[in-house]
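Trainee: Next up is a structure, given as structure tokens.
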Amino acid sequence: MELYNAKLLAALVLGVVTTIVGVLPGCFTLGRPRWKLFLSSLLCFGGGVLMSTSLIHILPEVRQEMPQYEKYAEVILCCGFFIVYIIDECVHFFYGNAHPHFSHTSETNNRVDKGYGSTDCESRLLHSTQETSSTIREVSSDDEPPSQLCHVGHQEPCKASPISNIGLLVALCVHSILEGLAIGLQKSSMEVMLLLGAVASHKLVVSFCLGVEIASTTHSFCRLFGFILMFSGGSVIGLFIGMGVNEIPSNLSTVLFPVLQGLAAGTLLYVTVSEVIPRERARWHQQHHHRIAGFCQLFAIMLGFGIMTILTLYLIPE
């Protein structure tokens, strides 16, 4: 398969399949989420894949493509990490105090709001008694969805408000654009397909969980479809940007290409170590009747990392 056709196929898969998976929750009546641990393990598996993609696959390529500035490869990766970190903190700064954080069920929300008068769930939990806090956590743990895609507070889900949904969507779209950029910057069809699998393994699960969260906060299928379409379109936009960057004259692409690669690697690393893994671990560690969940997540992360590492070391051409 030619490189151009491979990238078009990747754009089609990321755009269409991600949209279909994301709107599925709106097509069915969702009760209490089933297979929560399985879905959480899928997120952790995708996190392991992305970690290997960032550190084992992309970072060595950055070093190879800029031998004169090889020592700056890790610095570029860290810049990508901190760029997304800054975006998350900006969203938190402007929107974090505009709404409380609470469970996705209205029943739990009413229990919390009626018992405490502050506007922040964390402060309520800190100032509440241990008995009341345990009750709130117990009720929340039974009704929470399998994944919290909150980019302004990873311990509690975001309130269902237009501002919080927009902030969440913007942060996820930034991730999607840079993930698509990583695919668009590849130089061989095999690398495109390999990175497509790495991104899709995480993105499809995230899209479904995002659909679950949006479907639980809105009764409008059009709004759900619009949000998911914007999220899935981010990767397509980034992919086409990467395709355009590849056509820059070689004397410029020798610097710009590895820099963009390094920034994309930092983004993938941020998604893994600052969002997916801490969020899922914190969720299941609070449920004492699922003590085995932590080991399931660890196995999923190691499995994803191992599979992607083997593919990178033995299947990607030098």
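One is the number of the first residue shown, and numbering goes on along the chain from there.
Quick reminder: no glycine exception, Cβ is built from N, Cα and C everywhere.
Just lifted these from TrEMBL, have a look:
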type	residues	note
TRANSMEM	6-30	transmembrane segment
TRANSMEM	37-60	transmembrane segment
TRANSMEM	72-95	transmembrane segment
REGION	127-148	region 'Disordered'
COMPBIAS	127-138	compositional bias 'Polar residues'
TRANSMEM	166-186	transmembrane segment
TRANSMEM	192-212	transmembrane segment
TRANSMEM	224-245	transmembrane segment
TRANSMEM	251-271	transmembrane segment
TRANSMEM	292-316	transmembrane segment
Trainee: Are the transmembrane segment (224-245) and the transmembrane segment (292-316) near each other by the rule of at least 3 C-beta pairs under 8 angstroms (pairs 6 or more apart)?
Mentor: no
Trainee: When each of 72-95, 224-245, 251-271 is checked against the transmembrane segment (192-212) for Cβ pairs under 8 Å, which one has the most?
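Mentor: Per the Cβ under 8 Å count, 224-245.
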